[in-house]
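See below for the structure under consideration.
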Amino acid sequence: MGLMKIAVIGQSLFGQEVYKELRKDGHTIVGVFTIPDKDGKADPLEKDGVPVFKFPRWRVKSQAIPEVVSQYRDMGAELNVLPFCSQFIPMEVIDHPKHGSIIYHPSLLPRHRGASAINWTLIHGDKKAGFTVFWADDGLDTGPILLQKECDVEPNDTVNTIYKRFLFPEGVKGTVEAVRLIAEGKAPKITQPQEGATYEGIQKKEGAKIDWNQSAEALHNWIRGNDKVPGAWAEVDGRKVTFYGSILVDNGTTASGQPLEISGASRPGIVTKAGLVLFGNDDKALLVKNLQFDGKMIAAAQYFRSGSSAAVELTEEEKTFAEQMRVTASILSNVSQIEDSTDFFKSGAASMDVVRLVEEVKLRASSCQLQNEDVYMNTTFQDFIQMCVRKLRGEDDEEELVVDYVEKTINNMTIKIPHQLFINGEFVDAEGGKTYKTINPTDGTAICDVSLAQISDVDKAVAAAKEAFEEGEWGKMNPRDRGRLIYKLADLMEQHQEELATIEAIDSGAVYTLALKTHVGMSIQTFRYFAGWCDKIQVRLGKHPLIEVLNCFFLRVCAIVIPWNYPLMMLAWKTAACLGAGNTVVLKPAQVTPLTALKFAELAARAGLPKGVLNILPGSGALVGQRLSDHPDVRKLGFTGSTEIGKHIMKSCAVSNVKKVSLELGGKSPLIIFSDCDLDKAVRMGMSSVFFNKGENCIAAGRLFVEDTIHDQFVKKVVEEVKKMKIGDPLDRSTDHGPQNHKAHLDKLVEYCQTGVKEGATLVYGGKQVQRPGFFFEPTVFTDVQDHMYIAKEESFGPVMIISKFKGGRANATEYGLASGVFTRDISKALYVSERLDAGTVFVNTYNKTDVAAPFGGFKQSGFGKDLGQDALNEYLKTKAVTIEY
C-alpha cells in the first residue's frame with residue numbers, strides 16, 4: 001500500500017479518530033485544518049504537534065481567500081480527507097491534491113443531502129440508515145460514491161443512538177478503508193443516481209414545530225429526528241414546550257394520569273408516572289420522557305409539579321460536598337470562577353464534559369447515581385447541587401413511594417408491613433381487589449389481608465420487567481453502578497434486620513434469633529456477595545487461530561418461585577444472582593409466607609432499584625406460578641419446592657418457550673455416623689441436621705445411619721437432649737423450637753408419624769401435635785426404621801429424626817441427592833465416602849454449614865442448577881460464541 005501525505009480538514013471527535021487511524025496506517029498528516037477555538041476550547045482534533053490551522057473561513061462572497069489557499073498549498077497534501085467538516089471549502093483546495101478530496105456524509109446518498117442528514121433519516125421514518133464516503137465536487141453532496149455502508153433503523157433509535165451504534169464507529173472504519181482503497185489504486189468513482197435524490201436543509205427551531213395531524217409513528221419520528229437539536233416543540237399552556245425522549249408504546253389508550261391540553265393536538269396528552277403519553281390522529285400512542293420550557297428541562301412525569309420544589313438547606317457536610325463540586329464543575333467551561341448562577345452550557349460545556357462531570361460525582365459520592373440527563377435538566381451550578389443533594393438524601397423528585405402499611409407493635413418494636421402486590425415500582429391491589437389472610441403459626445390468628453395476584457397481574461408484572469430491561473436504565477446501567485445499588489439494598493436490609501426478622505418470625509414461625517442470624521443475616525451476605533460480582537462477569541477468549549469470544553449475556557426477564565421454609569433467604573439466594581447478572585425479575589413468594597418479600601420490595605424501591613426491575617406477586621402456585629411458567633416473555637424460571645411441582649414446572653417451561661430452568665427440589669439426605677466419630681459432636685450436629693429451623697429445611701438429614709456399636713448410646717444421648725428443647729413463642733429469646741409453618745403441614749406431619757408407627761418403626765420420642773394454640777409439633781425420634789418403610793424413603797420436612805443401624809451401601813439408595821453428611825475421625829474414610837455419596841453437598845463432621853460463595857444444588861430428583869457462588873450467576877446468564885476472522 002502506498003503511503004500518502006494527507007491534509008485532514010474538519011473537527012470533532014469523529015475527525016480525531018480518523019486522524020489517529022490514518023497515522024496508524026503510516027500516512028503522514030501534513031496539516032490539520034480545523035475551526036477556531038470555541039469558548040476558549042481547542043477542538044479535539046488539535047494534537048500531536050502536527051501543524052494546525054484555524055481559519056474562521058476559507059472564502060468570502062463565494063471567492064477563495066488567497067492567503068488561506070496559499071497556506072494550505074504549502075503543506076503539499078496528496079489527498080484531502082474531510083471526516084466531519086462544517087465549513088465551505090473552495091474548489092481551489094478540493095481539486096489541488098493529486099488524489100483529490102473525499103468526504104464522509106452520514107446518509108445513504110443520494111438520499112438526504114445536506115447538513116441534517118441523520119435527523120431527516122429519522123424524520124422520514126427510513127428503515128435503513130448509513131453513511132457514504134464520496135469524492136468531493138462543486139455540488140452539495142453530489143460527488144461520485146467511493147464507499148457506502150448501511151444499517152437497520154430501530155423503532156426507537158434517536159440521532160444519538162444511531163450515531164453511537166453505527167455512524168460513528170463504522171464511519172471511522174469506513175473513512176479509513178476509503179483512504180486505503182485510494183492508496184492501493186482500487187477506489188471506485190460511482191456516479192450518484194438521480195432517482196431517489198433528496199435535499200433537506202439544516203433543521204432549525206422555527207421549523208421544528210409539531211404538526212399534530214399525523215399518525216403516532218410520524219409524530220414519534222418527528223420528535224426523535226429533532227432530538228436533541230433543534231428540538232421538536234408545541235404550544236402548551238401558552239408557552240413553547242420542547243419534547244425529548246420519544247418511544248412508541250402499545251398501551252397508551254389505557255394510560256392513567258392527569259390530562260394535558262396541547263394546542264392543535266387531536267386529544268389531550270396524559271401525564272403519567274412514566275412520562276407524557278401523546279396520541280396521533282390514528283389514536284395510537286407514543287411516550288415522551290422529558291420536556292423543556294422556560295429554559296429548564298424536566299422529566300415529563302413531573303410537569304404538574306415542576307414549580308413546586310423549594311430549595312433545600314444544605315448541612316455543613318453537604319456544603320463541603322458543594323464546594324468540592326464547584327472545583328470539579330470548572331472542567332465544564334473556561335469560566336475561572338463557578339458561581340451559583342453559572343450555566344454550564346452557556347459557558348461552553350459539551351456532551352463529553354457532561355460525561356466527565358457525572359463520573360466525577362460518582363467518584364466523590366458513589367450513592368449519588370447520576371445520569372447524563374440529570375445535568376441537562378439542571379444546567380446551573382445551583383440547580384445541579386440541589387439535585388445532587390436531593391439524590392443523596394433520597395429526595396430526588398422521584399414520585400414518593402406510597403405504602404399502605406399494616407402496623408403492629410410487637411417484639412419491642414413497631415413493624416410496618418406492606419400487604420399489596422409490588423408491580424413496576426408501586427404497591428397496588430390485585431385485579432378485582434382480591435385478597436387472602438396470612439396466618440401467624442404461633443397462635444393461628446390472621447396477621448393481615450394480602451393482595452392475591454391474578455393472571456392479569458402476572459402479565460402486568462412481566463411487561464414491567466421487560467420494559468425495565470429493554471427501555472429503562474437497568475439494561476443500560478454500568479455493571480459497577482448496578483453493584484452499588486445492590487450493595488445499597490443490602491445496607492438497607494441490615495438497617496431493618498430486626499424488623500425483617502420479626503416479620504419472618506410471625507409469618508413463618510422461625511425462631512427470632514435464628515431468623516436474625518440465618519434467614520436475614522445470610523440474605524444480607526448474599527446480596528453483598530453478588531453485588532461484588534456485577535462488574536466481574538468476564539469475556540473469555542478461546543485459543544484458536546480465529547478469535548473465539550465466549551461472552552455472557554443477560555436472560556432479561558426471569559421468574560422466581562420460592563418456598564415457605566426460608567421466605568427471605570430463598571428470595572435472596574435467587575434474586576441476588578439474578579439482579580447481579582443484570583436481569584429483571586418477577587418473584588412469587590409462597591402464598592403462606594409473603595410478608596418479608598413485600599417488605600424487601602419496599603426496601604428495594606427505597607434503595608433506588610429502578611421501576612420494573614423487581615416485581616413481587618403473592619398468590620397461588622396454580623395461578624401465578626403456572627402463568628409464569630407459561631409466559632412467553634419469561635426466559636428463565638428458578639424454582640425451589642417439591643419434586644412433584646418441579647416436574648410440572650419443567651414440563652410447562654418446555655412446552656411454552658423452552659425456558660431455561662433451575663430446580664432445587666426435595667431431599668432425603670443421608671447422614672452417616674461412624675463409630676470412630678466424636679460422639680458428643682455427632683449428637684449435637686445430628687440434632688441440628690434434623691431439628692434446625694423446626695425441620696423445615698431442604699437439606700435436613702432425612703435418615704441417619706449410625707454404626708451398630710454406638711447406635712444405642714447415640715439414641716440415648718439424642719433423646720436426653722431433645723427433652724431439654726424448649727417449645728414456644730418464636731419471639732421468646734429462650735425458645736429452641738417454634739411452630740410449624742402452617743396447619744396443612746402440621747396435619748401432614750401427624751399423618752407421617754402415624755404411618756411410621758403403623759409400619760413397625762419404634763417411636764422413641766414425640767410424634768404428636770403439642771396441645772397449645774398454634775401449629776406446634778414435638779421434636780420426634782424414630783429408630784428401627786427399615787428400608788421398605790414410607791418414612792425411610794420420603795422426607796417429612798419437619799422435626800422427625802429417622803435412625804437406622806448402619807449396614808453400608810444404603811445412603812445412595814434414594815431418588816434424591818440434595819445433601820449428605822459423614823462423621824468420622826478418619827480423614828481417608830471421610831474422603832472415600834464423600835467421593836461416593838451421590839449428592840450435591842457433602843458435610844464432613846459438620847452440617848447445615850452453607851456459605852454464600854459455595855454452590856448449592858442437588859442431583860437426581862433433587863433437581864439441577866445451583867444457587868450461591870459463581871455458579872449461580874451462570875443460571876441467570878446465557879453464553880454466546882462470537883467467532884471473528886481477522
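Glycine too: its Cβ is placed from the backbone N, Cα and C atoms.
Because TrEMBL annotations are produced automatically, they should be read as predictions rather than curated entries.
Per TrEMBL, the features are as follows:
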- HIS105: active site, proton donor (ACT_SITE)
- GLU664: active site, proton acceptor (ACT_SITE)
- CYS698: active site, proton donor (ACT_SITE)
- GLN87, PHE88, ILE89, ASP141: (6R)-10-formyltetrahydrofolate binding site (BINDING)
- 311-392: domain 'Carrier' (DOMAIN)
- ASP141: site 'Essential for catalytic activity' (SITE)
(request) Would you kindly give the Cα-Cα distance separating GLU664 (active site, proton acceptor) and ILE89 ((6R)-10-formyltetrahydrofolate binding site), rounded to the nearest Å? (result) 70
(request) Rank the recorded positions ASP141, GLU664 by the number of other Cβ atoms within 10 Å of each Cβ and report the first-ranked residue. (result) GLU664
(request) Express in Å, rounded to the nearest integer, the largest CA to CA distance found among the (6R)-10-formyltetrahydrofolate-binding residues GLN87, PHE88, ILE89, ASP141 named in the record. (result) 13
(request) Would you kindly give the Cα-Cα distance separating CYS698 (active site, proton donor) and HIS105 (active site, proton donor), rounded to the nearest Å? (result) 64
(message) What whole-number Å value do you get for the CA-CA distance of GLN87 ((6R)-10-formyltetrahydrofolate binding site) and GLU664 (active site, proton acceptor)?
(response) 66
(request) Using DSSP, tally how many residues of the domain 'Carrier' (311-392) sit in helix, strand and coil. (result) 48 helix, 2 strand, 32 coil
(request) Report, as a single number, how many Cβ atoms besides its own are within 10 Å of the Cβ of PHE88 ((6R)-10-formyltetrahydrofolate binding site). (result) 11
(message) Taking only C-alpha atoms and a 10 A limit, tell me which of PHE88, ASP141, GLU664 are near CYS698 (active site, proton donor). These are the recorded positions.
(response) GLU664
(request) Please work out the mean pLDDT for the residues of the domain 'Carrier' (311-392). (result) 75
(message) Other than GLN87, PHE88, ILE89, ASP141 themselves, what residues in this chain have Cβ atoms within 8 Å of the centroid of the (6R)-10-formyltetrahydrofolate site's Cβ atoms?
(response) TRP58, LEU82, CYS85, SER86
